[in-house]
Structure formats: C-alpha cells, structure tokens
Amino acid sequence: MLDPDVAEDFLEEYSSGNLSSRDGWAPVDKVDLFFDKAENAVGRQNGRIGRFFSKFANLLTFNRRNRPAPPEESRKVVLNDPEANKRFRTNYVSTAKFNYWNALPKFLYEQFVLRLANVYFLFVGILYCIDSISPVLTSSRYGQLISVAFIITVSLIKEIVEDTRRHVEDRRINRLGTFALGSKGEISWAEVKVGDILRISKNDAVPADVVLLHSSSEDGLAFVETKQLDGESNLKVKATLPDISEQFSEPEGCLTAEGFVESEPPNPRLHHYYGSITLVGKNEDGGPAGGATTYPLNIDNLLVRGCRLKQTDYVYALVVNTGLDTKLMRNLKPKPKKVSSTESKVNFLLIFPICLQVFIVTTLTILNAVNCADTQSAWYLELSDSCTPLDKFLRFFTFFCTFANLIPISLYVSIEVIRGFQVYFITGDRKTIAFEHKPPVRLEVRTSSLTDELGILTHLFSDKTGTLTANDMVFRKC
C-alpha cells in the first residue's frame with residue numbers, strides 16, 4: 001500500500017501549483033516523476049519476506065549479469081566521460097531460460113514440483129532399493145530408478161535443444177554491429193555502454209535507448225519503425241533539439257562536447273520519457289565559456305532499443321539506457337513455467353489411481369496383520385520373525401511397490417514424444433510456409449509444451465487489420 005505521506009506531498013504540490021512547467025520539465029513529467037517515487041516507496045514497504053521471495057525468483061530467472069539493478073531516482077549521463085558512466089550496466093542481454101549456475105536446480109524443480117507423477121515414480125524407485133521393503137531382491141529392482149532416469153533424460157534433452165536455440169539467438173543479437181564515435185569504431189551491441197555516442201545508419205536497428213542529438217535530415221527529423229515494440233507498421237517521427245543539433249552535426253563536435261544528460265530512471269513506459277540535457281558553452285578557442293544551458297527532453301527525442309531507423313540516412317545519438325535498463329527489456333517480465341491444460345488435467349487425474357492404490361494397499365496390509373495374528377499360535381511355521389510391528393508397517397510399502405504399475409511410468413515420456421512429433425509436423429507443413437518472403441518464412445514453435453493447446457482454441461482476438469490477414473485491400477464494388 002502506498003504511504004499516505006507520499007500521496008499527501010503530491011497533493012500539496014499539485015494544489016499549490018508547483019507542478020507547473022518550470023526548469024524545462026513539463027507537468028506530465030512531474031506526474032511521472034511522482035509515480036516513480038511512489039513505486040519506489042511501495043517497494044520499500046514490501047517487507048523482508050516479500051523481498052526474499054522476489055530475490056529468490058530473480059535468481060532462478062535471470063543471468064547474474066542481467067539481474068535488475070536497484071531503483072534509481074534519476075541517472076546522470078556525462079558526455080565523453082567513460083569513467084563517470086562506468087557504474088551503469090553493460091548492454092549484454094540474455095533471454096535464455098537456463099544458465100550454467102541455475103540450470104540443475106531449476107530443471108529439477110520443474111520436473112519434481114510441477115509434475116506429480118515424477119515424484120511418485122522416484123518414491124517407488126527408492127522403495128525398491130530397500131531390502132526390507134522391495135518385493136524383488138534381484139538386480140531388476142533397480143529398473144524403476146533407471147526408468148525414472150530415462151524419463152528425466154528425455155525431458156532434459158528437450159529442454160537443452162530448446163534453450164540452445166534461445167542462447168544462439170541471444171548470441172546473434174549481442175554480436176550485431178553498430179558504430180560508436182571516437183576510438184571504438186565498429187563494436188558489437190554487447191559492447192555498447194552508457195555515454196557512448198553512436199552513428200546509426202538507415203535501416204539499422206537501435207541497440208539501446210538513445211537520445212537523438214543530430215539527424216541527417218535538414219528539418220532535424222528522423223523516422224523509426226517500431227514494429228518489434230508495438231506491432232505498428234507505420235513510421236514514428238522523432239526530432240532533434242534545434243538548439244543543439246548543429247553542435248553535434250560533425251563527429252568532432254560530438255566528441256568535444258561537454259555537459260550531461262539528466263534522465264529518468266529506467267522504466268517500462270514505452271511512450272513516456274522526461275529528462276534534460278545541459279551543455280557547457282565554449283568560446284572561440286574551444287575552451288569552456290563558463291556558462292551552461294539546459295534543454296528539456298521528451299519522448300520525441302528518444303529512440304528506444306528495438307526500433308529501426310527509416311527514411312533517414314543517419315543520426316548521432318547518445319546512449320542513456322543499456323541492457324535490462326532499456327524500456328524494451330523492462331517490458332520483458334520473467335517467464336513462468338507454462339503448464340498446458342492437458343498436463344494440468346493429467347496431474348489432477350493421477351490423484352484417483354493413487355487413491356485407489358492406497359486403498360488397496362491399506363486393505364491388504366490390514367488383512368496381512370490379521371493373518372499374522374491368527375497364525376501366531378502356529379509355532380511350527382516359525383512366523384514370529386515376520387509378524388513384528390515393524391514388519392507389519394513395512395508390509396504396507398511392499399504392497400505399495402507391488403501395485404505401483406497402476407500408474408504407467410511411460411506417461412510423461414509418451415507425452416513428450418507426441419509433442420516432439422507435433423512440432424515436426426507443424427514446422428514442416430508446406431501449407432503454412434510464406435513463400436512470398438525471401439527466404440521463405442516457416443511457422444516457429446517457441447514452446448513445444450503448449451502445442452496441444454491449439455486444439456482447444458475457440459476464438460481469436462485481433463487489435464487491428466493485418467495481424468491475422470495479409471492486409472491486402474482489394475476493391476470489390478461501389
């Protein structure tokens with residue numbers, strides 16, 4: 001819950017008119033700044049337990065280099081001063097599910113916590129290995145554990161194949177090239193740092209959140225395509241600040257500029273941005289003139305990571321957010337384990353055979369105990385050693401192992417194999433290949449565990465034309 005003192009301070013400023021435009025800040029930017037502070041205030045009130053589970057979830061989800069940074073009030077990016085900007089994170093990103101340090105615990109968690117049958121089979125396998133419980137005393141009693149290991153291995157191979165594709169895609173993105181002014185020259189996206197001034201050419205993707213300094217267009221405009229961000233195919237117009245565009249028109253001017261950018265803290269709001277750029281004036285000799293001028297910045301001056309420059313030869317832009325601090329990556333929430341409705345039903349239906357098994361085993365254990373009591377007087381049968389209270393208790397687990405096959409151990413393996421064939425047939429279906437593209441575009445299955453969900457779809461919702469159609473407007477009649 002939001003602290004009443006924070007809300008009261010905001011209302012006091014609003015009623016007193018302190019949210020009016022001043023110092024280059026628009027009223028809406030003041031409101032955004034309040035909500036940033038409010039979000040931080042809420043975060044401080046979550047308590048130790050909430051913070052513990054939040055950190056634990058982050059450990060299982062993010063790479064150490066991609067872990068979210070602590071919230072900032074604002075960030076100050078100094079022009080042409082790498083030392084002052086080195087505290088910010090790198091531009092390396094990873095969307096893979098597993099990493100070398102969390103792969104084993106996370107995989108075992110998904111296999112034995114989210115899949116009830118695997119826990120059951122492991123429990124039965126352990127019982128088979130205990131001499132006083134196992135109904136089989138030969139080496140074949142280890143077959144249950146071998147079967148469980150085979151099931152886990154099949155699932156592990158599937159996860160490795162799918163996550164390898166994610167790592168390959170991450171590596172491809174991180175190795176894309178861009179041009180940084182100065183001594184760096186051509187660098188990869190992963191090497192981009194806060195404070196770098198980039199030269200982004202026509203049709204190039206933007207590697208980080210950058211503030212537009214100069215555009216090759218005479219009117220100072222730049223057009224970007226944001227299809228990867230919001231699905232919109234129409235171009236968005238961005239603009240440089242007319243008062244500073246000329247100063248950054250040449251690489252020399254960019255590399256000798258002095259000043260800093262006061263930017264909003266990293267957040268996921270794609271259509272909101274506030275900040276300011278302060279430049280130190282220079283005299284004719286190139287030295288500082290002693291004065292500084294501040295200019296306001298808004299969303300029209302920001303190019304977001306993932307957008308693509310169009311109809312503009314090139315722009316010069318200053319990097320203000322990198323890696324997980326970019327607006328695009330802030331919108332990528334940790335992906336929970338997706339469990340299909342089929343798998344959920346299987347987990348639920350397994351309760352019934354388990355209950356039946358427990359009922360049968362309990363009945364046989366009781367009958368065995370009654371039989372032991374009736375035969376205690378038959379001293380000539382020498383049954384005293386097998387009718388102790390401990391033996392009667394262990395007999396329950398012996399019967400449990402005997403009736404373990406009520407639940408087929410190949411259940412999940414069969415499901416995984418079927419899904420593998422489904423992926424093969426979906427991606428190989430020639431009717432779904434878009435041959436009009438060069439090269440042809442095939443269907444891509446991103447989550448093989450959800451292929452069976454296609455069979456229960458009844459409605460498809462679309463927000464605009466072209467999402468589900470070719471968007472070809474053909475004149476019919478008038």
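Each residue, glycine too, has its Cβ placed from N, Cα and C.
Straight from TrEMBL, the features:
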type     : residues : note
DOMAIN   : 78-136   : domain 'P-type ATPase N-terminal'
TRANSMEM : 112-130  : transmembrane segment
TRANSMEM : 142-161  : transmembrane segment
DOMAIN   : 183-262  : domain 'P-type ATPase A'
TRANSMEM : 346-370  : transmembrane segment
TRANSMEM : 393-415  : transmembrane segment
Sequence-distant contacts of the transmembrane segment (112-130), meaning Cβ under 8 Å and at least 6 residues beyond its ends, amount to 136, 141-145, 147-148, 151-152, 337, 339, 343, 346-347, 350-351, 354, 397, 400-401, 404, 407, 409, 411-412
How many of the residues that make up the domain 'P-type ATPase A' (183-262) does DSSP mark as helix, as strand and as coil?
17 helix, 31 strand, 32 coil
Let's see if you can do this one: DSSP helix, strand and coil counts over the domain 'P-type ATPase N-terminal' (78-136), in that order.
27 helix, 1 strand, 31 coil
So what's the average pLDDT for the domain 'P-type ATPase A' (183-262)?
91
